[in-house]
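Student: Please see the structure below; I have some questions.
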Amino acid sequence: MQAKKRYFILLSAGSCLALLFYFGGLQFRASRSHSRREEHSGRNGLHHPSPDHFWPRFPDALRPFVPWDQLENEDSSVHISPRQKRDANSSIYKGKKCRMESCFDFTLCKKNGFKVYVYPQQKGEKIAESYQNILAAIEGSRFYTSDPSQACLFVLSLDTLDRDQLSPQYVHNLRSKVQSLHLWNNGRNHLIFNLYSGTWPDYTEDVGFDIGQAMLAKASISTENFRPNFDVSIPLFSKDHPRTGGERGFLKFNTIPPLRKYMLVFKGKRYLTGIGSDTRNALYHVHNGEDVVLLTTCKHGKDWQKHKDSRCDRDNTEYEKYDYREMLHNATFCLVPRGRRLGSFRFLEALQAACVPVMLSNGWELPFSEVINWNQAAVIGDERLLLQIPSTIRSIHQDKILALRQQTQFLWEAYFSSVEKIVLTTLEIIQDRIFKHISRNSLIWNKHPGGLFVLPQYSSYLGDFPYYYANLGLKPPSKFTAVIHAVTPLVSQSQPVLKLLVAAAKSQYCAQIIVLWNCDKPLPAKHRWPATAVPVIVIEGESKVMSSRFLPYDNIITDAVLSLDEDTVLSTTEVDFAFTVWQSFPERIVGYPARSHFWDNSKERWGYTSKWTNDYSMVLTGAAIYHKYYHYLYSHYLPASLKNMVDQLANCEDILMNFLVSAVTKLPPIKVTQKKQYKETMMGQTSRASRWADPDHFAQRQSCMNTFASWFGYMPLIHSQMRLDPVLFKDQVSILRKKYRDIERL
């Protein structure tokens, strides 16, 4: 027994020695071989770095701040061929590790704010219409500056949208043209727009020139190549996409249950070979010809017949039987499979048609995914699970379908209906990254009215906006500030402006009164103003222009504003009733004088009317209540050209405010009571208030309507037939039972 133990110990020791010798010998030979190579390299003037050499070394204090991709390129540039260098320089992925923190200079923005500079167009350079629309949207925005020294962001005038070498829109020698720009600075603080990249057969995401440290606003970008918090994914849109405005969504009313004729539809090309063909070639497995109609055609391209298969003739025949628009408007879900590239025109078409998109494009970074929650508006599928799509969408509850459909309409109208909205959304996302302390949150981006109309510079608290009271569980304000616009001198104690001031001050909801003195005469003495129970603040306008009545004055301490012309005739009861109505509709204009617009077929232009009809689309701000945020929006969102027009004409400011509020809310204003005459008829004809009797005044308002509609790109005003009266208004009951009894006698 002892002998066996000794033999076992001896055998184990021998095995250990053998293993030690084997591995030790290998390491020794490897080190000797390595030393011989170093010696041989030294004789031939070559140097092979040790593995430690590939780790970045920082010879000075600033070296650690060099982007990592630049370090890697510097360390390995010696060991790649010239062709590999060219490929690397022209690749989209060179700055793949760029982020705002490493490849963007924030100091330019903190100094002058978020301003965007567009390079002047170079002589002889052709620009496609789509790119012209992008540049026009930037130049027409509040972010634009013509001074590069004031700019925070730079946009090329060179057309970078189509980088498919087979396209007639392809711009040659773009690399040298970009490098010659004196402000290029390796792309730092630059934004490059791109819709198409790569070409047949693999359609890579290479844009064909070195973008350096520039950001990409790119369509069909993959999650693999998307640089989070740096690039912006934009939708693929056609050359016919409107520059401004755009059509509204096609959902006119909600149907319960929210099911349509077809459950799932698709009509498009079937790629017989190459990238993107796998999914579309398999769609026939899901098509049932009843409520799931997925149609493809082989008829596209020059040589489709060379590659046609046994199904092509049957597919082409069935493809012609269905009208695409009819399918789109009568389907609950629309399939959006990838094409040659990840993005597809079908995406925006489905959104507009209120057809819930079913995404089948693995690896696609969805448009504006940084701020939009697409799970609220689309079904994200998987190309590998195509056969499970029908059963998946059938299992979605009707309540969820209705919510998805409504969200498609909101997103379409807020961010995608025009090139301008796509561009402005891109810029707002970048601005939020720069000024994170006042950036918009997810609720703002994904709830009405959307991120473009909610300016965080106004406030970082959602309760200061009129759109989120229900979300926050808040009640609308309980007090208002009356702002009286005075343009005539105070010569008599019986003037309408003094009567109006007293009537407003007696309201139980009035917190203060501000008189905006836009008269050429000096301010009257304090004793000329009547004594009231609330503070009266008189502000003398510096410029004395019409737009000054909508400036966001710090003196306005309440969220509600009662806007009044000096010759308005209102009683305290009318003021109280209008305010209580506004508390139920804090995002709208609520008031008394109603006007309407119409389309004049003979003149092919918009018309303005003050006739008493069965509907209206405007409530004039001479006697109306609205949220004070609209003062800020009027001053900071609208372009200077429209405000200058208003000031030059001394007219149309009330129309412009109605345009703005309707564009934001997508809702009409609200008229209260049947009162039609709200102006004092005994005003002196020599006063500025007599402009209402001027025939040119009405003609100017007609012209304003069309100018405003042109800037918005569509007519935002919406007709309404609703009028709100007090309960028991003119009912045959005792007057003592009525709360607003004085209104019936007015």
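Quick reminder: no glycine exception, Cβ is built from N, Cα and C everywhere.
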Student: Quick check: of Arg260, Arg280, Arg311, Arg338, which does Swiss-Prot put in the same UDP site as Lys267, Lys269, Tyr271, Tyr319, Tyr324, Arg346, Glu349?
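Tutor: Matched candidate out of Arg260, Arg280, Arg311, Arg338, per Swiss-Prot for UDP with Lys267, Lys269, Tyr271, Tyr319, Tyr324, Arg346, Glu349: Arg280.
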Student: Only counting partners 6 or more residues apart, tell me which same-chain residues put their Cβ under 8 Å from the Cβ of Cys152 (disulfide bond).
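Tutor: Residues satisfying the criterion: Leu108, Cys109, Asn112, Gly113, Phe114, Lys115, Val116, Asn189, Ile434.
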Student: When you measure from the Cβ of Arg346 (UDP binding site), which residues in the chain that are at least 6 apart have a Cβ under 8 Å away?
Tutor: Phe266, Gly268, Cys334, Leu335, Val336, Pro337, Pro357
Student: Near the Cβ of Tyr203 (protein binding site), how many other Cβ atoms are there if near means within 10 Å?
Tutor: 19
Student: So among the binding-site residues Tyr271, Tyr319, Tyr324, who's got the most Cβ atoms within 10 Å?
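Tutor: Result for the most crowded candidate: Tyr271.
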Student: Could you check which of the disulfide-bonded residues Cys103, Cys312, Cys652 is the closest Cα neighbour of Tyr319 (UDP binding site)?
Tutor: Cys312
Student: Rounded to a whole number, what is the top Cα to Cα distance in Å among the residues the record ties to UDP, namely Lys267, Lys269, Tyr271, Arg280, Tyr319, Tyr324, Arg346, Glu349?
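Tutor: Across Lys267, Lys269, Tyr271, Arg280, Tyr319, Tyr324, Arg346, Glu349, the widest Cα separation comes out at 20 Å.
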Student: State which of the following recorded positions has the fewest other Cβ atoms within 10 Å around its Cβ: Cys98, Leu166, Cys355.
Tutor: Leu166
Student: Out of these binding-site residues, Lys267, Lys269, Arg280, His300, which one has the fewest other C-beta atoms within 10 Å of its own C-beta?
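Tutor: Fewest other Cβ atoms within 10 Å, among the binding-site residues Lys267, Lys269, Arg280, His300, is found for His300.
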